[in-house]
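Input: one structure, supplied below.
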Amino acid sequence: MSKPLKRIHLAAHFPGVNNTTVWSDPEAGSHIDFGSFTHFAQTAERAKFDFLFLAEGLRLREQGGKIYDLDVVGRPDTFTVLAALAAVTERLGLTGTINSTFNEPYEVARQFASLDHLSGGRAAWNVVTSWDAFTGENFRRGGFLPKEERYSRAEEFLATANELLDSWHGDEIVADQATGTFLRDAKAGSFVHTGQHFDIHGRFNVPRSPQGRPVIFQAGDSDEGREFAAAGADAIFSRHTTLEAGQAFYTDVKRRLAAYGRRPEELLVLPAATFVLGDTDAEAEELAREVRRRQVSGATALKHLEFVWNRDLSSYDPEGPLPGIDPYVGGPHIAEGRAQVRMYRDPLATAREWRELAAANNWSIRDLVINTGNRQTFVGSPTTVARDIDHFVQSDASDGFILVPHITPGGLDAFADKVVPLLQEQGVFRSEYEGPTLRHQLGLAHPDDARGEWQAAS
Amino acid sequence: MSSAPLAPLHLAVALDGTGWHPASWREPAARPQELFTAGYWAGLVTEAERGLLDFVTIEDGLGPQSSHPFEPDDRTDQVRGRLDAVQTAARVAPLTRHIGLVPTAVVTHTEPFHLSKAIATLDHVSNGRAGLRVRITARPDEAAHFGRRTIPRVGAYDSPAAREVVGGLFDEAADHVEVVRRLWDSWEDDAEIRDVATGRFVDRGKLHHIDFEGRYFSVRGPSVTPRPPQGQPVVTALAHGTLPYRLVARQADIGYVTPHDTGQARAIVAEIRAEQEAAGRAGQPLHVFADLVVFLDDAPGAAAARRERLDALAGGPYPSDARVFTGTPAGLADLLQEWRAAGLTGYRLRPAVLGHDLPAITRSLVPELQRRGVFRRAYEAGTLRGLLGLARPANRYAA
């Protein structure tokens, strides 16, 4: 059976505060200066990527009670950077991670509506949740939110924001200078929402934006996260970058859509992926090993081991064997503001497994972290990387990738110049943008289509 | 007038919708259909930059505009709706090079942590041209948009009930700005060290928890965003009475005030300077700008005729808090020079019709002031603080 080739979706994740970033490279520039963002975004747009993606953090990471200083620290405000990038790009989607715990729907809805207006319809929202008191210490809301309520608040937050965004239909502004009618409807923007987390009413004050609502993305691998995405997201970010795990995830989340009356193509699966390019596969493999060693210094390896051991391991030699003592289970975690610690749900089992792995391979602590951590997803010549990406997508392990280079801001340049043309030649990636808005690039319907109020072309 | 040479006059313009007169959108130059596009705002700010103005402010609010101070109206004959001002400022930043960008932010229902990093980032994306105009809201309907607190309806600004409600909101605003400012300082300028030898990206000794504990907030810090290029972006506030004068004196770099004559201007400046002394900031630079709504036309009588036409369309005279100047650019230049004797250091002009009165400011008033030797002929500094003659502040946490 030959089925039509799927079109690949590609996005660019501005490298941030994690140890995939090789900030010590002489090519590494500022992760704060706007020039870096401009270069990165314009490269992504030159390559006809769907969108640029910004992560968010609302508290600097701490480990052992001290600010974590081994990775890049600090980042700018999401909305402000995206609005500025709208001035130096024309078609690239602008996706921001915004937390639903430490914000209010009225404020976030008007920020996304504003970004959508100011970018001509290119705004997207990666909805994330948080409950931890550590982050809450920076906000007047504090850390009050019980963990089990985070998705219920997120769901109601998103629904409420959508109600606000839908409170204008798009035809209210008449602005007839002759008759003096500015608004057709005196009650434009009226809303009432009564729920478990929000009890608000009044008038929303941003008219309907080009996309109606921002495109909605969701990250999260838990059962609740998958369900949340199936219910209301346009794309889900995942971590699954092996073919089998990707296919299993893909099948699972696409299957969940039917329960919400949605078709499989209404939710895109976009894993985050890294890459290392060389002129030949062998050269790329060697470069990848070198990059990996630079990503995981001895000090970084010890800090990573602390995620599992949950105790200070700074006295250990990273080039030596794994600690003989067991992880400390229970009590507050030594690493705060870290999502990774949640990956190790049974620290004692992980420690046993790692000791066995290290013994079998004669690995030091650093070797173990290098070999078990987030290894590069795509390594090879441009031909190999283009082939592997295409294979992954055509095999229904994803609909595309969010690429995270390890260098800021030039880490995307070679991919744009060497890999994208190959994908375009194969007819699996666009040569021209499909239309003015991000919904056009993603092949998503406008929310007003059901009402017959929106014309796809403009 | 004093014979001592005066410091250069500072000039800002306040952007709001199609202009400050509620019927401004009906003028041919108004372009009301483009209000929610980036191009509209880029056009206004580049025009202001053409006139070498110190900065623009951009109005904002957390509810629809209203002709009533404390509640929404149901009018359909005036501009309603607006975009987030911080994002509008950020959107135009890469398209301009010199002019300061001062968005309005309501501090009553928002988080100082978010606002601090947003304005710091505006400063980063504009290479040191960011400011902030803080405002409170006492509108019960806007409180209902957030649902976290109720604000009782107050009948008039000067009632005792209003003073209590508004007084609390101004105290909260002062704390809000204090948190914002501490977060800007929570990174020392040289905290990022990228020390390859030790593998440390930052010197964590130069990152500071701010540990603010007050009646309204407790914020731990540090910011997630490094210290902005200006160190402290320029904080501004509009003030109509003792409570906001106190906020200006305690926390601002510029206060906008609304005198109607030189005598009032002198009294307001004196009150703010006294509050400044009481707050222990006597020696520190603090600009006091007068706000003026302006109708400008070169032909005598044309501005007044335009104002009458717009008032007729609006159904009555425009009830402005600020003095409304109606006349020629030369006449306005006279007034600006005359009022300076009261101790004002600059002006924020509110164009009645942006499409008409903004170019009148940049193309007629500014050349007139330049001929008189009281306004710049070229941008003389790279940052907004530089344009305003404000030094880059030392970091309060640096050893």
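The first residue you see is number 1, and the count goes up from there.
In case you wondered, yes, glycine gets a Cβ from its N, Cα and C as well.
It should be emphasised that the depicted structure is a prediction, and the values quoted were computed from it without experimental measurement.
Feature table excerpt (TrEMBL):
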BINDING   A:T97, A:Y151, A:S222  FMN binding site
DOMAIN    A:23-395  domain 'Luciferase-like'
Tell me the Cβ contacts of A:T97 (FMN binding site) under 8 Å, same chain only and six or more apart in sequence, or just say none.
A:F53, A:L54, A:A55, A:E56, A:T78, A:N126, A:V128, A:A219
Which whole number is the mean pLDDT over the domain 'Luciferase-like' (A:23-395)?
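Averaged over the domain 'Luciferase-like' (A:23-395), the predicted model reaches a pLDDT of 93.
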Check the DSSP secondary structure of A:Y151 (FMN binding site), expressed as helix, strand or coil.
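DSSP call for A:Y151 (FMN binding site): helix.
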With every protein chain in view, how many other Cβ atoms are within 10 Å of the Cβ of A:S222 (FMN binding site)?
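I count 10 other Cβ atoms within 10 Å of it.
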To see if you understand the setup: which same-chain residues, six or more apart in sequence, place their Cβ under 8 Å from that of A:Y151 (FMN binding site)?
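Listed in sequence order: A:T129, A:E224, A:G225, A:F228.
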In the three-state scheme derived from DSSP, which category covers A:S222 (FMN binding site)?
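Coil, per DSSP.
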